[in-house]
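Visitor: Here you go, one structure.
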Amino acid sequence: MHLWQLVLLVILFFGAAFGADLEGSGSGDVSTDAKEAILNAQTLLDAVSSDGSGADVEASGEDVQTFFF
């Protein structure tokens with residue numbers, strides 16, 4: 001393995017390991033109150049339109065195969 005490949009792997013490893021910590025920082029308001037967070041989540045769930053059939057959540061085998069392959 002060449003030195004530049006090793007350096008690239010180390011950079012990618014640290015980016016994957018510690019980059020997730022920075023992903024949500026500074027984006028939007030953070031609610032610290034649990035009741036407020038529950039109300040916000042309920043509002044988001046209510047805003048999603050659904051006919052009640054559950055078809056918008058389930059995926060067929062063909063969709064899964066298309067996604068992974």
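If you go along the chain as it appears here, the first residue is 1 and each next one adds 1.
For all residues, glycine too, the Cβ spot is worked out from N, Cα and C.
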Visitor: Of Ser27, Ser31, which one does Swiss-Prot label O-linked glycosylation site?
Guide: Ser27
Visitor: Which residue does Swiss-Prot record as O-linked glycosylation site, given the choices Ser25, Ser53?
Guide: Ser25
